[in-house]
Amino acid sequence: MAEEQPQVELFVKAGSDGAKIGNCPFSQRLFMVLWLKGVTFNVTTVDTKRRTETVQKLCPGGQLPFLLYGTEVHTDTNKIEEFLEAVLCPPRYPKLAALNPESNTAGLDIFAKFSAYIKNSNPALNDNLEKGLLKALKVLDNYLTSPLPDEVDETSAEDEGISQRKFLDGNELTLADCNLLPKLHIVQVVCKKYRGFSIPDVFRGVHRYLRNAYAREEFASTCPDDEEIELAYEQVAKALK
């Protein structure tokens, strides 16, 4: 007889109305992990302006997101992810860790470069900061278009060409994607709204990656509304003057 699954509840930041999902890439990351694991779980949005007594008791520190697994409370996104990968494991649940270590660091610089770009108000610095973001996107594009070791036929003398894989580590979503995709989504929404900047078409690998990601429910259905992201960056994104 299969062991009964403990109750799993993910507490995430609420949006501007105090109910729908708010802008938080860490919350979306864990939401995606739980969905990909195929586990039964609930998601509770927490209004950061009006925390309920229950939430205060469960997590006095109030750091979101946090996870309730049975009667255990888990905090810190990285530690929660490690915990879920350890307890929700094969054969009952899929392993989500990337096979190639490089997949975990692909695109790692993008969010920092984006933050510097969007927070800048000095027009004289804008071009260089935009170039920094483009350079980080180019590194990701190179990774996505370069074949992974398991795509390379070592017996063939022919050039393997461009990788056609769907995601960072192959044709299935992994923990690496759960980390990167929510941040890439924010970059797209915020840059378009506050800088009129879109990821250039020349980065075909990045565009292919995003198309494949938006076609997956686990990503598309866990994204906050664009308006929530724009609102979160309303005071952060500095006008050039």
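Glycine too: its Cβ is placed from the backbone N, Cα and C atoms.
Remember, predicted model here, so these are calculated numbers, not experimental data.
What Swiss-Prot lists as N-acetylalanine is Ala2, and the listing cites similarity to another entry.
Summarising the annotation, Swiss-Prot assigns region 'Required for insertion into the membrane' to 2-90.
Sequence annotations record features per position, and here Swiss-Prot assigns N6-acetyllysine to Lys13 (among others) based on similarity to another entry. Within 10 Å of the C-beta atom of Lys13 (N6-acetyllysine) sit 20 other C-beta atoms, taking all shown protein chains into account.
In the three-state DSSP scheme, Cys24 (disulfide bond) falls into the coil class. The disulfide bond annotation in Swiss-Prot covers Cys24-Cys59.
Taken from Swiss-Prot, the feature motif 'G-site' applies to 24-27. Note on the motif 'G-site' (24-27): mean pLDDT across this stretch is 97.
The transmembrane segment feature in Swiss-Prot is assigned to 26-46; the stated evidence is sequence analysis.
Look at Swiss-Prot and you will find 93-233 tagged as domain 'GST C-terminal', backed by sequence analysis.
Here Swiss-Prot flags Lys119 (among others) as N6-acetyllysine, drawing on similarity to another entry. In the structure as shown, the Cβ atom of Lys119 (N6-acetyllysine) sits within 10 Å of 12 other Cβ atoms. In this structure, Lys119 (N6-acetyllysine) is part of a helix by DSSP.
Look at Swiss-Prot and you will find Ser121 (among others) tagged as phosphoserine, backed by similarity to another entry.
The annotation N6-acetyllysine is assigned in Swiss-Prot to Lys131 (among others). Cβ contacts within 10 Å of Lys131 (N6-acetyllysine), excluding its own Cβ and spanning all protein chains shown: 12.
Taken from Swiss-Prot, the feature phosphoserine covers Ser156 (among others), and the record attributes it to similarity to another entry.
What Swiss-Prot lists as phosphotyrosine is Tyr233. In the three-state DSSP assignment, the secondary structure recorded for Tyr233 (phosphotyrosine) is coil. In sequence order, Asn23, Ile118, Val190, Lys193, Tyr194 constitute the residues six or more apart from Tyr233 (phosphotyrosine) in its chain with CB-CB distances below 8 Å.
Secondary structure at Cys59 (disulfide bond), as computed by DSSP, is coil.
Checking each of the recorded positions Lys13, Cys24, Cys59, Lys131 against Lys119 (N6-acetyllysine) by C-alpha distance, the shortest gap belongs to Lys131. When Cβ neighbours within 10 Å are tallied across all protein chains shown, the highest count among the disulfide-bonded residues Cys24, Cys59 belongs to Cys24.
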